[in-house]
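Marked as ATP binding site by TrEMBL: B:GLY57, B:ALA58, B:SER59, B:ASP63, B:VAL87, B:GLY170, B:ASP175. According to TrEMBL, the compositional bias 'Pro residues' annotation covers B:332-347. Annotation source TrEMBL lists domain 'tRNA(Ile)-lysidine/2-thiocytidine synthase N-terminal' at B:54-237. According to TrEMBL, the domain 'Cytoplasmic tRNA 2-thiolation protein 1 C-terminal' annotation covers B:285-315. Under the heading region 'Disordered', TrEMBL lists B:316-347.
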Amino acid sequence: MAAPLSVQVEFGGGAELLFDGVKKHQVTLPGQEEPWDIRNLLVWIKKNLLKERPELFIRGDSVRPGILVLINDADWELLEAGWGQAAPGRQDGSPLLPPFLLEVLGPQCLQQLALGK
Amino acid sequence: MPAPRCASCHKARAALRRPRSGQALCTTCFCAAFEAEVLHTVVAGRLLPPGAVVAVGASGGKDSTVLAHVLRELAPRLGISLHLVAVDEGIGGYRDAALAAVRRQAARWELPLTVVAYAELFGGWTMDAVARSTAGSGRSRSCCTFCGVLRRRALEEGARRVGATHVVTGHNADDMAETVLMNFLRGDAGRLARGGGLGSPGEGGALPRCRPLQLASQKEVVLYAHFRRLDYFSEECVYAPEAFRGHARDLLKLLEAARPSAVLDLVHSAERLALAPAARPPPPGACSRCGALASRALCQACALLEGLNRGRPRLAIGKGRRGLDEEGSPREPQPSGPPTSEPIPGF
């Protein structure tokens, strides 16, 4: 059983284009049965924040290759448990503590397909 | 599940794992390593000698922003001076916002900025006009073919105007690897041969050109810009197509997920390629119109502009370029297979 969780989500590097150009979102995730982790957080983002072209954000079970995800300013790939298992905020082994910042960077391809550097 | 400590300073918490080595580094050590590697690329390749006046192709995007920022940090050590050159392709709305970002950067970094416009250089042909001209041809992405070629020419011209001795662009390892893949998939031996190596020495009177970020993976460029809180512009070009490069990029990303060093390995492989004698392109000559390097009578830029001015914009697109007879009257172009309408990188 997971209590409601307050999360700040920021999009940059082109990702904001998929979210109506809005870069910063302060969201409160509702309480639910399963604990909140990255996988269901991203699904929630796709359902509730994403405005267009989901295929540019999510591919299968994960983000589209080329998109970078940072949790509290660190690459999510660093978290030992990795995708689908890491719980937000649990980087030091301590309980979930706000503020929790999720940043999504890219997909750069939107810009790069065009005119280059 | 704690994040590991930085493998370099052992003090701060690590922020990322470097794709090539798998080493976990904090933001400070990563940024220092990134800058040191760019320095090494430039010094080891003797790309920018002391006294060089360097024209930096500045689009306002993340790569050229990182390039300019790092070169500015390294400039005193390298003994070079920098000049930002921005190209205005004449795309309403999009380019204005990008140029605004470049102007902010020039002011913040106190670097001189020169803007070169397609309209001025190419007889009034802005990308908006080119897009209208090519629109009727039924394949919208052919306008990107023009832009890549013309932008390279415009950058060259801007560099000359500021008295530059060298031109640098922000292409990163991912760009290079994508281009290698694309050239393989298209069977373009000529481009494969020319594309390897760290820089173009500047044949045919062109300024020497190099890509100091060539060995930096795109992910690291994005993270460097993020950790340094650099102000750059990321928006979709209105003409951004579903180009072939996108497929090459998707393939590359999948490969990278399986083997993180794949991107750089691809770039290094291309550098070491030797073409079979039958595949080697003939030595290029000079364009009969402008004198630039050309493998045919007209260089690509002049050929494309010729097509535009004759009202037949598709004339110079495609492998054969038949029908572009510069002394005779225009013949009907033979169908020469699918036109190469992907955006051509400024190699």
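Cβ from N, Cα, C; glycine included.
Annotated features, which come from TrEMBL, shown on the structure.
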{"residue": "B:GLY57", "record": "ATP binding site", "Cβ within 10 Å": "29"}
{"residue": "B:ALA58", "record": "ATP binding site", "Cβ within 10 Å": "34"}
{"residue": "B:SER59", "record": "ATP binding site", "Cβ within 10 Å": "28"}
{"residue": "B:ASP63", "record": "ATP binding site", "Cβ within 10 Å": "29"}
{"residue": "B:VAL87", "record": "ATP binding site", "Cβ within 10 Å": "30"}
{"residue": "B:GLY170", "record": "ATP binding site", "Cβ within 10 Å": "28"}
{"residue": "B:ASP175", "record": "ATP binding site", "Cβ within 10 Å": "27"}
For the domain 'Cytoplasmic tRNA 2-thiolation protein 1 C-terminal' (B:285-315), the DSSP helix/strand/coil residue counts are 10 helix, 4 strand, 17 coil
Can you check what DSSP calls B:ASP63 (ATP binding site), collapsed to helix, strand or coil? helix
Where does B:GLY170 (ATP binding site) sit in DSSP terms: helix, strand, or coil? coil
Compare all C-alpha positions of B:GLY57, B:ALA58, B:SER59, B:ASP63, B:VAL87, B:GLY170, B:ASP175, the record's ATP binders, and send over the largest distance in angstrom. 19
Segment confidence, the domain 'tRNA(Ile)-lysidine/2-thiocytidine synthase N-terminal' (B:54-237), expressed as mean pLDDT: 86
For B:VAL87 (ATP binding site), just give me the three-state DSSP call. strand
